[in-house]
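Accompanying notes for the structure given below.
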Amino acid sequence: MPTNGHKYSILMPTYNEKDNLPIIIWLIVKYMKASGLEYEVIVIDDGSPDGTLDVAKDLQKIYGEDKIVLRPRGSKLGLGTAYIHGIKHATGDFIVIIDADLSHHPKFIPEFIKLQQEGNYDIVSGTRYAGNGGVFGWDFKRKLISRGANFLSQVLLRPNASDLTGSFRLYKKDVLEKCIASCVSKGYVFQMEMLVRARQHGYTIAEVPITFVDRIYGTSKLGGTEIIQFAKNLLYLFATT
């Protein structure tokens, strides 16, 4: 895929990802360079106590300040505000949102971009629940929670997307800004609300099947508090959309 005249800002919120960060950055550089695409990676670290920011600074020295942009914050303030913070510093006209824990393989980013260009879609979302998409590394309980949450979300919200709880997506920058401005949720529910608001705005959404792999290094941030918050916000969205 030759350079297409666009620039892609890859937003990567981090918290305690010092072991994963060098690998995910290396993979992003590999696949974006091979595709001939113009890009930057914006690392938004929320005061990680494990030294993630120091690792990011070392990676910036290796790949250059034009490719690795550091925009840290002092404390853990949530995904939604992390994206808002990152967008303020993004110089691309498209935004890619990706997790830093290696759950999302950067090899899919060029596929997102190719599909977006073919249909001029506003959003391209990675899906674990359509085509040859799937999840690897989760135990039965985690799969059941994810499937159940996604099914319930589909029934209540009808978002016209098969994977409402995923977070690996490509947005037109202005579309992302408008969706975020409409959102009230924080944490993991934020991703779900984004697609619901996109549907309300009439934006077009396409999907690319992805393989989601559970993190190798570090610990998952999903806990009981997040699940309860998810349920509350799901009911709120159902009542207001």
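Residue numbering: from 1, along the chain as shown.
Each Cβ is built from the backbone N, Cα and C atoms, and glycine gets one as well.
Here's what Swiss-Prot has on this protein:
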BINDING   P13, Y15, E17, I44, D46, D99, A100, D101, R128, R215, K221  GDP-alpha-D-mannose binding site
BINDING   D101  Mn(2+) binding site
BINDING   D101  Mg(2+) binding site
At a 10 Å cut-off from the C-beta of A100 (GDP-alpha-D-mannose binding site), count the other C-beta atoms across all protein chains.
26
Work out how many Å separate E17 (GDP-alpha-D-mannose binding site) and the residue listed as 'Mn(2+) binding site' at their Cα atoms, rounded off.
7
Give me the CA-CA distance between P13 (GDP-alpha-D-mannose binding site) and the residue listed as 'Mn(2+) binding site', in Å, as a whole number.
10
Of all the binding-site residues given, E17, D46, which residue's CB has the most CB neighbours within 10 A?
E17
Let's check the environment of R128 (GDP-alpha-D-mannose binding site): how many other CB atoms sit within 10 Å of its CB?
22
Just to be sure I understand the packing, how many Cβ atoms besides its own are within 10 Å of the Cβ of P13 (GDP-alpha-D-mannose binding site)?
26
Whole-number Å distance separating the Cα atoms of D101 (Mn(2+) binding site) and D46 (GDP-alpha-D-mannose binding site) is 15
Counting across all protein chains, other CB atoms within 10 angstroms of the CB of D101 (Mn(2+) binding site) number 24
